[in-house]
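Residues annotated as domain 'FAD dependent oxidoreductase' in TrEMBL: B:2-329. Annotation comment: TrEMBL describes B:ASP37, B:ARG38, B:ALA49, B:GLY50, B:LEU51, B:VAL164, B:THR182, B:GLY312, B:GLY313, B:TYR314, B:GLY315, B:LEU316, B:THR317 as FAD binding site. The D-dopa binding site annotation in TrEMBL covers B:GLN53, B:HIS217. Taken from TrEMBL, the feature D-serine binding site covers B:TYR228, B:ARG283, B:GLY313.
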Amino acid sequence: MDTVRVAVVGAGVVGLSTAVCIAQLVPQCSVTIISDKFTPDTTSDVAAGILIPHACADIPIAVQKQWFRETFDHLSSIASSAEAVDAGVHLLSGWQIFRSIPTEQVPFWADVVLGFREMTEAELKRFPQYVFGHAFTTLKCETSVYLPWLEKRLKMHGGLFLRRRVEDLWELQPSFDIVVNCSGLGSRELVGDSMVFPVRGQILQVQAPWVKHFIRDGTGLTYIYPGASYVTLGGTRQKGDWNLAPDAEISRDIFSRCCALEPSLRRACSMKERVGLRPGRSNILLQKEALARDGRRLCVVHHYGHGSGGVSVHWGCALEAARLVNECARALRTPALTSKL
Amino acid sequence: MRVVVIGAGVIGLSTALCIYERYHSILQSLDLKVYADRFTPLTNTDVAAGLWQPYLSGPSNPQEMAWNQQTFDYLLSHIYSPNAEKMGLALISGYNLFHEAVPDPFWKNIVLGFRKLTPRELDVFPDYSYGWFHTSLIIEGKSYLEWLTERLTERGVKFFQRKVESLEEVARGGVDVIINCTGVWAGALQPDPLLQPGRGQIIKVNAPWIKHFIVTHNLKSGIYTSPYIIPGMQTVTLGGINQLGNWSEINSTQDHNTIWEGCCRLEPTLKNARIAGEHTGFRPVRPQLRLERDQLRVGSASTEVIHNYGHGGYGLTIHWGCALEAANLFGKILEEKELYRMPPSHL
């Protein structure tokens, strides 16, 4: 059997995890990651990495829940192993609070996280402008540590790395048999998908080691996510904004909103501003496409458009992407079926 | 009114502050001094991990339940102030783990969000089959003592480093009220067969990814003898030693290994943690804490004494309620001396 040559475009959390899944699940394949940016310069590196899913409009809830559950279980077993620190994964408890009672009082992912329950009145007392809340334990996946760890795992599986900006998927033919497009926001240009747009997010990374819980406003606009090396304060959701430079006014606003929820943050020090452009799309695109041009063929698996929810579903999606790659690989290996592509 | 507080751990300093706040403006003069041979960071308070948590079983003195609650409420009210971090105060959630089902603790409604652990949560701790989850507080001894010292200094309270050999010695200096907060060493000032040291040893590590406390229980071997992991403001405290009657102030290698192995088994990620320090302290263990008045006769004169010691491993947990009660007792002394009239509704 010939080795199937797989190229994964994009080295964020989606690209790396997809590459690792492919290396583990697809028999007789070689995996090469090709990207112009690697950690710590990817969009994923800016994300706080908290596991709280964002509902996608057009994907069945059962599928979203499965992706989240698979990601949660996968990271959960890492968190209780000795690898946890190297992978940057740890348990985190906290509260999601609402200024008015939400229509959906129990979200679809409530039984995936740990110990989910409504907040008590005594717990809500410290948030005087909020009337309802959830308390639960979830996982935090510190991307700046997780991504290098994924890279190491990929190397262990014989994965190769290429730093290069891909302008057109056809550049990768005939060197590769299957291309997995995990280029996130880059898909707008790479495959001409105008449904992809940036959702600009600005955050602050501060030193406040006494903060042990996450606090998230139900709208998702204001949040406090403590990690192993800093606390992430956020944020913004600016659709269509491509500006990667931090805005000082926005930083002040974020800090002020977060201090309103957690006054002790006023003593936080060492503030770093960061900006990331989320790969916005009405839904995640996770599907095969058989490209043909001038008698050449290229199997593509698209895997992008995760918006704000990439980390929360990355592993479940990566498993699905690997299954699709496997289907492509089997089709390539069956000569009778090649003409069907 | 000349008052001397003996002892500069959490009990001594909080009692001093409470008495000052309540009475300094109504007394013509209040001369308040603190005598101690050890100050922060050398007190037993400094060694404590600082997790607010009373013992599991109800206290033999029902008043202690109220004092625990008063302390939690008082600390919680400060959590939401910008001072919290300076006081060494933070909210913290976590796990209490058991090998068998146990009744809920008497303090379950004092802490926040108390509930039993779900089966999936117990999967995280394979050695244990039952447990609780709740949100409590950390009150880090060293920061809190520094904060109390600052507040007292601002109010003109003076500190003296001296080893008091007897209550008489202090009384002879012309003191109206002595407040005895000498903790585990109270027996040296007045024999107390009920008081004994509960030696504890702890290891402090750098493990900032640990955000929950994990306290395990071995009901047969007794409190604090089973591994516990308690994150603080900057470091994580590992412990699980409680040796009654042991006065050795030296860190023991055997205890180090017991703590390290027990905690790593509980939380495998600790193998990545760097050790930042190791300390020994003595819990002032007593069947119930001693908080009562006493009179000391020196010649023809009599000096008032308020004893406030014997808080075992729950000193930080109960300190403010005890300070309030000590202030009540002080008020009674003032009433008797006709320096003050207690308001009709008891504070």
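The backbone N, Cα and C atoms fix where each Cβ goes, glycine too.
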Nonlocal neighbours by CB distance (under 8 Å) for B:ALA49 (FAD binding site), same chain, sequence gap 6 or more:
B:ILE138, B:ILE202, B:TYR228, B:ILE230, B:GLY232, B:THR237, B:GLY239
For B:GLN53 (D-dopa binding site) and B:THR317 (FAD binding site), what Cα-Cα distance in Å is obtained after rounding to a whole number?
6
Shell of the D-serine site beyond B:TYR228, B:ARG283, B:GLY313, same chain only (C-beta within 8 angstroms of their C-beta centre):
B:ALA48, B:ALA49, B:GLY198, B:GLY200, B:ILE223, B:TYR224, B:GLY239, B:ASN242, B:GLY312, B:TYR314
Please identify, from the binding-site residues B:GLN53, B:THR182, B:THR317, the residue with the sparsest Cβ neighbourhood, meaning fewest other Cβ atoms within 10 angstroms.
B:GLN53
Under 8 Å by Cβ from B:HIS217 (D-dopa binding site), counting only residues of that chain that are 6 or more apart:
B:LEU56, B:ASN96, B:LEU97, B:PHE98, B:HIS99, B:VAL102, B:ILE223, B:SER226
Which site among B:GLY313, B:GLY315 has the most other CB atoms no more than 10 Å from its CB, taking these as binding-site residues?
B:GLY315
Please report how many Å separate the Cα atom of B:THR317 (FAD binding site) from that of B:ARG283 (D-serine binding site), as a whole number.
13
For B:GLY315 (FAD binding site), name the DSSP secondary structure in the helix/strand/coil scheme.
helix
Have a look around B:ARG283 (D-serine binding site) and count the other CB atoms within 10 A of its CB, chains all included.
26
In Å, rounded, how far does the Cα of B:GLY313 (FAD binding site) sit from the Cα of B:ARG283 (D-serine binding site)?
5
In sequence order, what residues of the same chain, 6+ apart, have a Cβ less than 8 Å from the Cβ of B:ASP37 (FAD binding site)?
B:GLN161, B:ARG162, B:LYS163, B:VAL164
Among B:LEU51, B:TYR228, all listed as binding-site residues, which has the most CB atoms within 10 Å of its CB?
B:TYR228
